[in-house]
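Annotated features in TrEMBL:
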{"type": "DOMAIN", "residues": "B:23-536", "note": "domain 'Cytochrome oxidase subunit I profile'"}
{"type": "TRANSMEM", "residues": "B:40-62", "note": "transmembrane segment"}
{"type": "TRANSMEM", "residues": "B:82-106", "note": "transmembrane segment"}
{"type": "TRANSMEM", "residues": "B:168-192", "note": "transmembrane segment"}
{"type": "TRANSMEM", "residues": "B:204-226", "note": "transmembrane segment"}
{"type": "TRANSMEM", "residues": "B:266-285", "note": "transmembrane segment"}
{"type": "TRANSMEM", "residues": "B:324-351", "note": "transmembrane segment"}
{"type": "TRANSMEM", "residues": "B:358-383", "note": "transmembrane segment"}
{"type": "TRANSMEM", "residues": "B:395-419", "note": "transmembrane segment"}
{"type": "TRANSMEM", "residues": "B:476-497", "note": "transmembrane segment"}
{"type": "TRANSMEM", "residues": "B:617-637", "note": "transmembrane segment"}
{"type": "TRANSMEM", "residues": "B:702-722", "note": "transmembrane segment"}
{"type": "TRANSMEM", "residues": "B:734-760", "note": "transmembrane segment"}
């Protein structure tokens, strides 16, 4: 069975999420209190047999309906909107910047390497802890929405526009991100994994990711590389360092290093990789990738062996 | 279903017999030609409620799918269609229509009127609604339902969903929106002009105030959506790239247009239900409403504010902080008028001596539920929290607390309250109590957990979710709650439908209420009230002595129908002084046919059967013209008539004193709003592009649009002259000026089309030519309507159906042309001169 990390906004691990969760607890407490008072008053009004004085009730209308809400809302707005500048302020110049493109129904992720060259990956975002990270968000087709509940709020990805978001993780761990804007067919299965680690681990990972794909070493994997090329996988997928340079689907250069397959749908195991290639549409209905149901068993085994070792 | 049985005893006098004859409901198959508000209102209510049940079943199907993780009860396609339809049905086929249905049925009764001013328009609206609704819902059974969500965001719906689903949604619902606007016009004129003598603005029932506010909101909220629908359909059918970013369009324009409609929509469905509460609470508190003025102010204030909140549906689209802050604050502000209304109700209960009843239980349930929705609303209106909550189940929870608490529970209360008035029998208090507990418990069990489900990360509109993320239990609980809620509705439905022939008739004014609708006899008579009373109080049945007796004995106005024509009073807007005895038309099948043919235009267009659509369009035009020709602005047999109590009133008026003039004026305000939405589109593109119009784009030039403008202004002047010549009874000059006007209008239209044609504008290339062509299209269609009106007036005069004294046709057409001139002026100036200054 698959196991997924948290995607709860109430289990915050980022600055934005923390302050918003706190705001939520305050507001819930206040809301509960107000509800009890108003409903208590209404029940009292119905149960009490004798009539009340008209003038007193006018005070109630003015006080309860207009004055108290105005005061409460003013306080709430001052508290809530005071968070806005920090939430909206871009990460300082020189911060790590990640480009994320929403594509039906997966995520294209690009880091910038030390020399400014883009490092492509997909459906997985790794971040260093305790520093602000700037996200630039794009869409390649319909509107999506980029959301990592544990780290902070969401921002839409809109065709023709570039939107942005700053996140600031405060704790290491694994989290899950989702597409929050309905984007058709497989919207429900457009997710991604987020790994927050210490800066050194992150840098190591990024260096690994910037390298071209490792050459296959076993015979099986070498055969798999040939299958990948003969079956035309490279028309859609890129594997840096090989002839495969398709841009339609996710970059697979370091597929073996990823936690999950199919936009955070299946754990990255040999068995799941086989299922993904052959029963694509049972695993993820509506997905754009064609299923390779008729792939001969030996080719499949080789292909999986090749993909697995793309660490 | 049949008309309520007419009790014949005690024997009626001649006056009453004639009155009854005039208002008799047709029998047999002709029953369906009825146009009277009580019949149409009843059908409308039944139809809207049927759609509600359908939407409810869709919700249950979704709850089955979501009860377990990785469930395969539904496929992604099925689920996506079903949630789209659930939202669309509940909003467009239930929430808005039910308010119009109840208002059509009850508003005239609350104001002692015999009918609404345009009964055939209500009937037309009803048939449009049924046809459009069945068409839209039917698509689901063929697996071609829309699956873009009820918000239909492009470019998903313009470029990535090629089936007819989106077209069905766009055209089917536009058709229904037109019907909604028709009802809004009817209700506005009804409240403003068809009140009983003496019912000044500060005496009208709160329900009527609310409906007035809501109808005005419909008038300004629906047209932007219709304009949006038009743009999207143009993109889908003709590839005009309004929302395609690669050709200069912008998907966000749709979001603005949709939410300028969509947010007021929330209040459009909420306020009428609160209006029901405002009628029920004083009755059971046995005291007039505390803070009448405050409530009216609050309702008007809510209406105004609701147009300034739409951006809070777009907080996550990356807007600047200042915009978000302003809309956050405005959204919070709407809590204040809402709070005032709630406290007025509580204050009334405190002042009065409360009688318990199921109605009040549901009111209380509504209040308790709605306040939770309101409080979570205050939470999500705060942008930082919305960044997390937006598009999650928290919002699903929030909106259902608002809509079920603010709309459904009060409507159920209204059913229990008004059922005896409409059907003559009471619903069961025992069944009602059972239904109440089932609904209240079921609702909260179902929807309360959703707030948590959302915050632990479950987005909306997902057809499946994995196990092991904490979603399972909460979703299962929600699903169980949904079925308890549904059980409550089954009990309620049984209570409404169970045979009641053995049950005693309810006593007249069973709740001992104080407002005019409770004058209705049991069983009800089709005439509404025996005579139209003079009103001096907000609760005349409580405050005015011998009121019911005087009404029943025909001691007030219009207690007779000498000519056996259907008549009701028209009064002045503020003071309700009688100014006209209005003859309203009787039963006809024309409205049904007109709706069928109009529906044909929309339905055939969906499938691109242009020929059938064209034929249907011609037939619908002919039917509507026949309806107008035979049923409106009829020359009366006498100019004035005695309406009782020594008062003589004209039977025919034209101009601002006439209801027809008001209807035209109000309709054109709505029409203008749609046009302004298109113009907004033009300037929206201008704001988002650095060069708009783009350097290399072909525009319509300067000359032809200005020529067109000159022609249209000439046509407008000619129409004004025609009105004057008609008054002077100068037939040749009248015909001459009408002919000149119509010709100029045609030339004006051709000049606009020519401007696009000769400059080889290709609306598929870029959004600039597309939006220019859209403005031109709008103007040209309106010119065609204007010319049709010219020709209609020409024919009316030639057939002696319009004379110098009886000139309502040309007066109303002139009014249309005022708006036409403004439309043409704006279009021509914007498309020709604005590029020079931009």
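For all residues, glycine too, the Cβ spot is worked out from N, Cα and C.
A contact between the transmembrane segment (B:40-62) and the transmembrane segment (B:476-497) is present, since 3 or more of their C-beta pairs, 6 or more residues apart, lie under 8 Å. The transmembrane segment (B:204-226) makes contact with the transmembrane segment (B:82-106): 3 or more of their CB pairs lie within 8 A, with pairs spaced 6 or more apart in sequence. In summary, the transmembrane segment (B:266-285) lies against the transmembrane segment (B:82-106): three or more C-beta pairs, each 6 or more positions apart in sequence, are under 8 Å. Over the domain 'Cytochrome oxidase subunit I profile' (B:23-536), the average per-residue pLDDT in this prediction is 95.
Taking Cβ pairs closer than 8 Å, the transmembrane segment (B:82-106) reaches residues 37-38, 40-42, 44-45, 47-49, 51-52, 54-55, 58-59, 61-62, 74, 116, 122, 125, 129, 133, 136-137, 140, 145-151, 169, 173, 176-177, 180, 183-184, 186-187, 207, 211, 214, 218, 265, 268-269, 272-273, 276, 403, 407, 411, 414, 418, 421-422, 461, 517 in its own chain, all 6 or more past its ends. Within the chain carrying the transmembrane segment (B:395-419), a Cβ under 8 angstroms from the stretch's Cβ atoms is held by residues 90, 95, 98, 102, 106, 266, 269-270, 273-274, 276-277, 279-280, 283, 357-363, 365-374, 376-377, 379-380, 389, 425-427, 432, 435, 439, 443, 447-451, 453-454, 460, 492, 496, 511, 517, all 6 or more beyond its ends.
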